[in-house]
Structure formats: structure tokens, C-alpha cells
Amino acid sequence: EIFSIRSAKDLFSFHHIEPNCTVQESMIRGPQFLTTLRSHTVWEHTPVKLYCTVEGYPTPLVKWYKDGVSIDMSSIKYNVQDNVGIHTLEIAKCETDDTAQYTAVAGNIHGQVSTQASVIVKSKSGKAKTYIVFNKFPMLPEIKYTKINITFLETFGSVFGTEGDTVTLAATMTATPNLANLQPEAQWFRDDHRLSDSKWVKIESARGETKLTLPHLNKDDEGVYSLRMVTKGGDAVHSAFVSCAVPGAPGAPMDIKIHDANRDYVIVSWKPPNTTTEGPIIGYFVDRCETGTENWVQCNDSPIKICKYPVPGLFEGHSYYFRVRAINSHGISKPSRISDPIAALDPTEFERLHAIKLGGKLDVVIYHNDVEGTKLPGTPSKLHASETDRTYVVLSWKPAPYQGQAPVWYYIEKCLAESGAWQRVNTQVPVRSPRYAVFDLSEGKQYLFRVLAANMYGSSEASEPTEPIQTQELRGVPSAPGQVVATRETDTSLLIQWAEPKEPNNLIGYYIDVCVKGSKDWGSANHKPHKNNKFVVQGLTTGETYAFRVQAINELGLSDESQESSPLSVKAALFSVNDHTTPSAPYDIALLACDGESMVLNWKHPVHSGGSPVVEYYIDKHRHGEHTWREINIPPIKERLFKVEHLSAGAVYEFMVYGGSLAGLGAPSAPSKAFHCDAWTIPEPGPAYDMTFCEIRDDSVLVEWKAPVYTGTSPITGYFVDFAKKGSDEWHCSNESHAVSHRYHKVTGLEVGVSYVFRVRAANAEGAGKPSLASNPVVAKAVKGTEMTCTVDEESGDFILSFESCQITESSHFVWKKFYKEITDFSKGIVIKTEGNISKLIFKHPDQGDMGCFSVAVTNTDGVSASHEIHAEELEKMLAKSYGIRHPVIPLKTQLAYKILERGRMRFWLQAEHISSAVTYKFLWITQHIHIIGFAGIIEFVLDHFTEDSEGTFTVQIEDGKARGQSSLVLIGADFKAALADAEHQRSEYVRVKDGPHFSEFLSVHVGDDCSVALICKVDNLKKETALHWYKDAVEITPEGPVNLASGTCKLPISLFSKASTGIYKATISDDRGKDQSQIEISGHEHLCQHMYTKGRLGFPFHSPGSSATELAIHCTATGIQLQCHMKYYTEEMKIHWLHVERKLSHSEKVRIGGTPAMATMEIIEPTDKDKGLYHIQIIDTDKTYTRTIDLSGHGKPDHIDNRGKVLGGLPDVVTIMEKKTLSLTCTVCGDPKPQVTWLKNGAEVYTDDQYLVSLESGKFASLTIKRVSLEDCGRYTMTVQNKYGGESVDIVVSAYKHGDTIPQAKPTLTPKSIIPPKRPIEIPGPKVVTPAPSPAPSHVSSPAAAKSPTSPKGLKSPTPARSMKSPTPTRRK
């Protein structure tokens, strides 16, 4: 019993320690075994598994020992697992040597415990290895217990909630046998930390079911939740991920921790929220609240930017809660989850208690300073900094022994290093505990500290100063994490791994971001910092492709984002250890060499790997006459070739081989043949081994192998390849006439579809040696898509061998070889580039050394491979093409030419086909000043002074990337003199025009698109008084309308141009500064008349448009028959009449009259028998009427009018239907031949599927059925009916409404039934052409002698009218 004699104040302080101690004790736990190891007795070659369950905080680490020696965990023999506190050691195949005592040692920072068990392995002969345990514990017998199997009936999945939600995880299960007194215990864990009932977690368990509820989801609750149903015989575990998202403002900080609690201050730390979808964090506010109240007080006036804050000003003995809020540009976040209560107490208070023995069982507990003794306190010692930060330091010291009753307090002094100026820190508040935080220090400075003890009688000497203590400098956020790699996990999750940042800077954890490929919408995969550099992203969409990035976090915030991972689609991983079986047995163990003390063995890999690669092998040996098989190799063998040493000469041995994978150790092979350990002395080589096959075709197979280990008495000179049909002993040599010197050979002459086996014999000077073991059967049958292409890249000139595999798996890779030896030397610029199922071998620097046979094989397929041999002739062609691509010539549109500019300057220019903006060029000539300009493929330079000294050759050199070009211009002799004369003339003209008004462009004739004629010139250097005058044949003429000189362009229209308009025209411009003139002669300009003739207004000699009219031609249209009359020129203003028999026709719905600039047209819509007869066109000129006639008496309606596809009716214009009903659109169609019916929805063709049914019955009844109509089916549906003669199309508008809604009143704007023209021109027989006599001309006009109309040229197309010309086609009348 302990009594405490204290004052009322001390008692009050004492009672506030207990809650704090309880909190700490609940967190601090040493390791403890809940289930200990149990001993086992097992048979040889059977598995055994040892279980133990351990708990503690921090999580204990478990190590395994065999007879006191640590077990090598890298050995494939042992399988050690840790599943949420349950630790297992499994030996897959026990041997007698495994008889031992096994120990599991669990430890954490608070201690360690161990548990032991014995394993006895009995051989099948009945003998067990003698095992003596020198231990104080007796050998434990095998314990028999009731094994209870747990089967989950219903489980919980991953949950993605929002902060504040209520989340429930529930599971039901059955136990077999279901015993009332042996019910399994439900244990819940979050990230391997066991959970218990609290304010934030509620756990309910009953027989056969358990439930965990998170009443207020918070980011602190995020993690992997595991349910363990623990029984005496093991446990059953189910896990799922719980995510917590925070919308809108920044998420709340999390993981609030309290450090260094003292009498009047604490240090609060937290972890920052993820800001992927919000703005960056500006700072944080820290709030406190006394327990028992709801008054929250903000501790800091302005936001702090780091995730740690010392809170001073607390009252001793009071308990507090703390919380933190984050701030960004959107506002202030919700408060974090409140911390556990913490009391402001002196942490060394219990260290100063002193017990006084009173005799018996009673002690009196008092403080050291309650005992009478020395009045002045002693000097404190061991002053040091227990924690440093950027702006504060926590000091701790050891008080001197003190026996007085007067209270003792302390003063702390600080001094900048090397300054010598001591300054007292705590002048206002005395310190009673030997621990104090000094605030408001300068960042990165060095300080000295010392402490003095004082009481009412005085103060002690100052303690020894500390060593210089430097406050921490702000190092910033961590650097960005390294490469991010995504791998497949399940069909809804991916495993993300990344490299740690090079500068962690007190790393707290990581945030992982996820984004769908092709978008920039990044989201958070976790909302709570993840400590490891591996994370499984849950809840992804199967088949979708995602990219990932990672940010690191410390107390200052988040780092930059890492680089994005390569996009990866979500689907189940190719293999999972839990889903795999162990590999099958190896086979065909072969002896390759023997020297009397060792043997070299080879074997074939297992046929079935079990789903994961076989990466390790183990060999057992057995001496003839013994019964025990012994292990040869303790470390696993990686290759299928091994030298067994330390054998007895003359003895006979047998061997077995085991294959190992991630799933475990497979079955042993059958024992090998009995091999005699006698040294080989035969002169011939030993057997070859490891035959592989590629390029399997219908009549050939390419065989590869490895050289014999034993070469005989002389070097190997070649190989022979034998083959035989499967099951036959009749071997045939493929190359009997000559041995191949390389280790590959193509066996030809095989029968397609027949299975063959192969073997290889090595030969030297002594002859052929032992054959290899027969290969596995190979079927001579080609695999589709095994061709390799060889091309030269058009851009780079690289050689590219490309192969597209018809088969590929996740584990497949492409192996490229030259002469069937894998390519590993990439120093010559050889690059292998693989994307999906296409692999390319790229030669960056091709040369003569690239001649040879190249092959590629795809692993983990049915022998997919191909080869291509580059011969010398092909190589020469490819090198020439590559050189042309790498050294291209710039093609030129024009060679270097010149043009004389004003002032006599010479412009030299050329134009290239294609040049880039990076083109460079230079001109070679004598030393003159040159202006250079380049644009739109044109390169030019201007020579300012072209004189007699400029005679010579001008050259331009162009370089654009790899392409080059050159052009030269020679100006010597007569060519130079002509150019120089023109330059001199331009210089004199420049002097002329720069002083007074002048013509910048002289008179020229302009013929418009409407055949109007005008004279145009341009004037310059004008002023207000400048006057322009026009003359014809020296007689001044006055143009119509005022003359506007301000535009600089002057125009004289010549209306009704004729022969009378010819003559000499002159224009003069003058003012007081001078005069200039320009004249032009029109008479005799035949090219002008010819140009106007082609325009159609008049010819040379003169002709009217009617004289050029051709005979009427028939043209079939989609809607009827069109009569066409071609002529040189046609406008709507021309006087033209169309007649049927003798009746004049006018434009109507039945008859459409119009034309183009080159012909007049008349179309008969839907012709009938009434429309037969003679048709005339009359073209009336001022002097004559021209008539063209055609007889349609023998031509009724064309076949394509009646026979084209038509819609006869039955379809509504608008359909309104309720959702989930079935709509059927049906109508009758006709046409000969039977038309094709197509349905369109909003312009896209509709095909028959689960939603739509398109049918055409008997070629007459067309229908479209829409099942379970929804709002997505609304829109415009078009049905087209068409055959070779054309067709029609109609529109129907479909709208839907929901059950209970008012039926909408749809008022669509429908297009009328449209006619579809035939796919190709419809030919009809030519009609009888009637040529009537021309109409009599007026008496005052004589008809020309040759009035015959010219024939329209075949295939004549109407010319496109000029932009300014109005279309002559009349507007359709309604």
C-alpha cells in the first residue's frame, strides 16, 4: 500500500496524470504470442506448416531460427508469410535433415518474446533421424485438436465514401463444425492495426456474423480493412479498401499528434490533405478546447505553413483537445478529427517522488524538495536540446540533488554563438520542471544555452553552456518521386510502384493521383498519406486505360508531381501466385560429359509451368545400391545445365530434378538412366543439347541447338541433323552430303501436317559423335501471319525489318537474331522498337556489314517466328535509296532568273517546290551589296547597282535540313547587254516619274466576264489641279460620269464594242509641274477579238450566239428529261423561245426553263405520253432567228422514271410514342429491279441489332422496328429506296415521352420527298433530229451563206461562271 502526503494542489495535479498515463499505456505494448508454435511429426517428402499469432505495438517483427541458426529466407525451400499478425513457416518438401527445433522470435522496441516447436521427419523406410534436444523443455508430442473451417457467405467490398458518411462493413460466415463453445473470434484491422470499440469505430459480432461501422467517415479512417476470423486451427481473412473523399473546399488535415507535453505548452503536428482536385494550401489554423467544455479557441492569429506548431500558454494541470483546419483560395476546410485529450503536466514529476519507509507495509511518498536539507539549490547539469526546429528549441537538463522544502524554479539564458551576450529567456514565468521550449529563435542561427536553479534563498551557479545549437533551416518540400510504374493486379485494380524522392526532407508519405488516358481530369486515389512506395489503386473500370502520378509530402506541403506513368488498361493480371499450381516435372535428363569425378547434366524444362515461370531447379542424386536420395545443390540452379561434382569414380548414379516457381516446388522428374562415373576418352564429340525450333512451315523447320560440352580429341568441324516421323525408328539425315559449321539448319522436304522428331550429331576429324536425345515432336504446319517486311524509311533513310505477330501474350517478347545468334551489340546504331504486337529492327547507320540472314521469334506462342535474308543486290539498292533520302536534292519550280525593277535595280529569284522556315542559302558573285528575301518557296536577292561591271555568272546555293540545291544564271555578251539596256531605261523612267504626274501603269484593254470592254490605266504623284483627258484618233472624248483620280486608277468604258470602236486611244495627265501621256491602238488587235469571241459576245468575224447553237440533245435527270442546246454564250436576257409542236412553253412545275453560260435547257418533269412530239428552240437575234428541233414522238417516259425505287405510302410524318413501347415503321415500296431499302437515324445508318430490326419482305414491304423505345431513340429517321435507276427518300420524326407525362405536340419542319438520281448515266437511244428551214430574216438583214450550226463537242461540260456572274437558272416557281 502506498500513501501520498501532498497538498490539495498537488493532489489535483496528481489526479490529472492518470488519464494521460492510461492513454500512453494503451499505445505501448510489448510483443505477446496469442497462439504459440506446435510440434509436428511428418513423413518424408510431405509438407509441414508452423503457425503462431503475435500482437504488440509497434507491430513486432518475427524472425525464424532452426536449431538456433537464422533461416535463409531467400531459399525456395522455406515459405515464410505474415498475414495481419499470423506468421507461418512452411517447408514444402520435408527431408530427414529438416528434423530440428524451430523458434519464432518476435520483437519491437519494448522487448521480445519467443516460442519453440519441434519437427520430426520420418522416412518411408520407417526410420527417423535421431534428434536430441538439449533444452530444459521436454519434447512436445503432436497435439490433436479440432480443426474448424471458416467459409465466408457474404463479404464486404471496397467502399468509396465522402467525409461525414456512415460506412458499414459486414460479413457472414459458417463454421464447420459449428460448436457453441468453440466459436471463431472476429478481429478487425485497419492497415495491420487492430481496431476496438471507440467513438469513431463500432464493432458488433454475433454467431455467424460480424459488422464494423464508421459513424462519421473521416480521412483518418481511410485504409485497407481486414476481417480475421481466428480459430484454434488457423484463421480466415477478408480485406477491402475504404476511401474517403472531400468535395469543395480543401480536405481536413489528419493524423493529429501531440508531442512534448509540458506544464504550459505542447507541440501539435499533423499531415496535410491531398490537393489534387483543389487549390494549394495557404496555411493552417490550430484550435484548442479544454476537456469538459465546447469552447474552441484559435491558437494562431495568422495561418502557419508547416504541419507542426508549438502551442504555449496552457494552464498546468488542465487537459485539452486539439484540432487543425486547412485554408486555400476556396475557403477553410472542415476541422480535423480532434486529438486524444492531453494534460499540461510536468513529465518529470514522478521522477522526483521519493518514498520513505515507515516500517511494516506503509510507505510515505513525498517530493525530494520536501525533505529538509541544503537551502540553496545545486547547479543543473547535462543540459541539452532534445528537439530542434526552425524557430524553437526544446531544452532538457538534470536537476541537482536538493533536500530543501523551499520551491525551486529555473531560469534559462540564451546567447548567439560567438557574441558572448547572454539574455534571460523566461523573465516573466518561472520554470519548475527541468524541461523548457525556447521560442522565437532565428532560422538557421547558432545559439548557446545555460540554466540556473533558484529558490527563495537565491540562485545557483549557471550550468555549463551547451554546444552551439543551430536551428533548422527551411529545407522545403521533398523532391518529386521518381519513375512511376503501373502493373496489373485484378480486373478493377492496379498496383502502382515508384522510386523514392532523392531529397525526402523529413518525408511523411505519398499521395497518388489517377487519370483516364486522353483526359486531364486528375483525381485522388488516396486521401490519407501512404507511407510505402507501393499502392494498390482500387475501384477502377475494367477495360479502361489509366495513367498515374505521385506526390511526396512533408510538414511543409506537397512536392511537385512525378512524371506520369505509362498508360495501362485495367484487366486481371496474367498470373497470381494464389491462382497457380506448382510446375510439372522436368524430363529427359541427359549426360553431356564425365571426367571420372564429375558429371555434366542437362534436362528439359517442365511441360506445364503452372502459370508462373520456372526459375529454379534442384537436383537429387542416388547411388546405385542405396535407398536414400540426397540433395546436390542448396542454392537453386538457374540454368538447365549443371556440373555434379565429388562423385566416386566407377560408381553408378541416378538423378532426379525438381522445378520451382513462385507457386512452389514442383514434382520430381523420373529417375534418369543409370550413369556410370567413368571418364570419357572417346575421340568423337559428345551429344549436342537444347534443341529449339522456329520458322515452322508446311514443308520445312529450322532447328537450333547448343554445342556439345565434350568436344572429343579434336575441335568440332560440323553438325548433322537427323529427322524421323513421330513413332518411327527410321532416321534420315537432312544434310548427309555436308556438315553445317554453324549451330542451325533448315530441314526441308517435310510433309505438311506430319509430326517429326529431330536429333543432332556433332562431328570432328575423328567422325560423328553421339546423337543428342530426340526432340519433342514438331508438326510441319505454317502459322498464319509469319512474314517479315524489309523497307527503307522514307523520312530518315533507316533500314527497317518489321514483323507483326499473329499471336502474343502478356509475357511474350520478341527475340531478334542475325544468323540465328541473338543480337546484343547495339553499338552500330541498331535499335529494337516494339509496340504491341509489332516489333521493328532498325538500322540507324546501314552499311555493307548489314548483309545477312535476320530472324525474329516471339516467346510464349505456338512457334511464331520469321526470317529475312538481305542479299548483296538488295543491300545495294537499299543503300542507294537510303543515301537519296539522307542526302536529298531540293526540287526547283524555276531556275534562277532576273527581273528589272524601278531605278534599274536587278531582282534575281528562283522558286523551290518545298522549303521550310529553317532554310539557309547563299549567293556566289562578285563583291556587291545584296538584299536577300525568302518566302512561299521563293528565294530572291536584289542588286541595287547593275552596271557594266556586273557581267558574269550568278549562283545561289540552298540548304534545307539534309536537302541541298543550286542554280546559276549566266549574264554575258548579248544577254548582258540587253539586260543592261533595260536597266538603264528603268533608271531614266524613274527620273521621269518622280518629279510630276505620271502613269504608273500605261493604257491596257480589259475584257470583263460579261464581255464588256474598257481601257484602264493607273496614275500617280497627283494633286488637286491635275487633269486627265481622253482622246480617240486625236479627237477628245468625254467619258460618261465624273473622272475620279483619287483612287489612282482611271477607266474608259467602251460600250457596245464593235469594229467602229477600233482606233488609237490616248490619255494625258497634266498640271503645272508637267505632263505625261499614254496611248494604245486597238485596230488590228486580233487577239482582243479572239478573246471576246471566246467570251461569246462576238467573234472574228462577227457572229451572233445563235449561230454557234448546236443541235438539241437529250439528257436524263432524276426527275425527267432535259433538252439541251449548247452555244458559245447564253444569258437569261437573250430572246429564246421553247415550243412543243406549235405551242409556246413557259416555266412551270411541269416545265423548267433555264440554262448555264454555255447552253440553254428545258426540262420536262415526270414525262407522260402527252409530252411526245416535236420540240423547238428559237434563238432570236436582231438580224436572224435560229431554230433547232428534236422529235420525241418515239420516246415516252424513260424506263428509269417508272422503274426507279419509289415510296408508295404508309409512313407517318411524325410519331410520338411512350417509353419502353415497341415502334414499327412500315411502308410499301416498288421499283424494277427490286430496290434496296436503307434506314438512317440522324444521318447515320441503322443496322439490325438487339435494339433495331430492319426488314424487307417480298421486296415490297419495308419496316423498321425499335424495341423498348427510350429518349435516346428520338430523332429524324430517313428511309431511302433506290435501285440502278435512282430512287426516293422520306423523313419521319420520332419523339418519346415518359409514362405519366403529357403527350408532346411535335411540330417538326419536314423536308419533302426527295428524288435520288441514278448511280450512273442512263442511256437512251438517240432521237430523230429534224432540221427545219431557217426562219426568214428581216428584209434589211441578209443571212450569211454558211448558216450551218456547228456540232457540240462530245463530253462538253458547262463552264463554271465567273464569281461576279449571276446564275442564268430561273428561280423555281411555286
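The backbone N, Cα and C atoms fix where each Cβ goes, glycine too.
What TrEMBL says about a protein is an automatic prediction, not a curated fact.
Summarising the annotation, TrEMBL assigns domain 'Ig-like' to 31-120, 141-243, 997-1083, 1198-1295. Sequence annotations record features per position, and here TrEMBL assigns domain 'Fibronectin type-III' to 252-347, 379-474, 480-573, 585-684, 687-783. According to TrEMBL, the feature region 'Disordered' maps to 461-483, 1304-1374. The feature compositional bias 'Polar residues' is assigned by TrEMBL to 461-473. Feature annotation from TrEMBL assigns compositional bias 'Low complexity' to 1327-1354.
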Whole-number mean pLDDT, the domain 'Ig-like' (141-243), equals 82
Select the range from 31-120, 379-474, 585-684, 997-1083, 1198-1295 that forms the most Cβ-Cβ pairs under 8 Å with the domain 'Fibronectin type-III' (252-347).
379-474
The domain 'Fibronectin type-III' (252-347): DSSP-derived helix, strand, coil residue counts
0 helix, 41 strand, 55 coil
Quick tally over 141-243, 379-474, 1198-1295 of CB pairs under 8 Å to the domain 'Fibronectin type-III' (480-573) gives the top stretch as 141-243
With DSSP helix as H/G/I and strand as E/B, how many residues of the domain 'Ig-like' (31-120) fall in helix, strand and coil?
3 helix, 58 strand, 29 coil
The domain 'Ig-like' (997-1083) - residue tally per DSSP class, helix then strand then coil
3 helix, 49 strand, 35 coil
Looking at 31-120, 379-474, 585-684, 687-783, 997-1083, which one has the highest count of Cβ pairs under 8 angstroms to the domain 'Ig-like' (141-243)?
31-120
Per DSSP, the domain 'Fibronectin type-III' (379-474) contains 0 helix, 43 strand, 53 coil
